[in-house]
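A.B. asks: Provided herewith is a single structure, encoded as structure tokens, for subsequent inquiry.
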Amino acid sequence: MLTRVLEVDNRTATVHFILLGFPTRPAFQLLLFFVFLAAYLLTLLENALIILAIRSDGQLHKPMYFFLSNLSFLEMWYVTVISPKMLADFLSHDKTISFNGCMTQLYFFVTFVCTEYILLAVMAFDRHVAICNPLRYPVIMTNQLCGTLAGGCWLCGLVTAMIKMVFIARLYYCGTPHINHYFCDISPLLNVSCEDSSQAELVDFFLALMVIAVPLCVVVASYVTILSAILRIPSAQGRQKAFSTCASHLTVVTLFYSTTLFTYARPKLMYAYDSNKAVSVLYTVIVPLLNPVIYCLRNREVKAALKKTILCKGRGSREDVALSN
């Protein structure tokens, strides 16, 4: 396929990129397609079930589960931004992506990643209030505050992504650059720019510092006070019950932050190696797949609500079949 080009200031400007993805033999490409397709569909199903269970069970109409449903909704879109194009590339020799398509994918990916960082910090704050100020919890975590916090997470993600895109999309890219990744990410794009990208790098670093470091400080401070409050509980059973309410969230935070920090806290030249692709698979495929499982295994209320939802749906479908006969 001939690559279309534009003439800008007597220079050839890029309108396509080529995603190198996972260069392997065709048979292995097919195997990867089925593995990642199964992971993608399971992620969508798991998160959809959690949202449905929370909406249908009145006992889960609490701030903690309101934020959990936001996280599930976020991760459904988070994987959808990357997985369909990645799956299509496994089956095709043409791994090109248009300039506009690449920038659109990058914008929404950055939006969802930044939103998740802040949302996880908000969930840590919610657990802090619930354990450290249990009597005032209903007064502090009102529906209005929860809605404002959730909306603020999305707004911060959208604005942060927009600012980053203003600096990245205006960079000049020569010919048809080969991006050593399976999706359009910031560092691989900066690596293939044909002009000085130091300003874009500086803006990206500053915003990443704000979006990663500030929520991380909130999470650490929240869990330090939570741990201190739990240790003051006299009974072992009480300590176990208090810790169980935040164990799943702490596990999710550890998985997401550790994998993304490994990637985004390192210099952009490290993207010349394939190790970052493997780490990227962790936070774009594996972590979203595991998060619903972690919340279900560690949370009895969610587990019970899911069982009720699945059983009700199954019973309803059998009744519909019986009535039609």
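Each residue, glycine too, has its Cβ placed from N, Cα and C.
Sharing the record's features from TrEMBL:
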TRANSMEM  30-53  transmembrane segment
DOMAIN    46-295  domain 'G-protein coupled receptors family 1 profile'
TRANSMEM  65-86  transmembrane segment
TRANSMEM  106-125  transmembrane segment
TRANSMEM  145-173  transmembrane segment
TRANSMEM  205-230  transmembrane segment
TRANSMEM  242-265  transmembrane segment
TRANSMEM  277-297  transmembrane segment
A.B. asks: Using Cβ atoms only, state whether the transmembrane segment (106-125) and the transmembrane segment (205-230) have three or more pairs under 8 Å that are 6 or more apart in sequence.
C.D. replies: yes
A.B. asks: Applying the under-8 angstroms CB criterion, which one of 30-53, 65-86, 145-173, 277-297 scores highest with the transmembrane segment (242-265)?
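C.D. replies: Most contacts with the transmembrane segment (242-265): 277-297.
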A.B. asks: Short question: most Cβ pairs under 8 Å with the transmembrane segment (277-297), which of 30-53, 65-86, 145-173?
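C.D. replies: It is 30-53 that shares the most Cβ pairs under 8 Å with the transmembrane segment (277-297).
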A.B. asks: Cβ under 8 Å, sequence separation of at least 6 from the ends of the transmembrane segment (145-173): give me the contacting residues as numbers and ranges.
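C.D. replies: The answer is 8, 11, 13-14, 17, 63, 66-67, 70, 99, 103, 106-108, 110-116, 118-119, 122, 186, 189-190, 192-195, 197, 199-200, 203-204, 207, 210-211.
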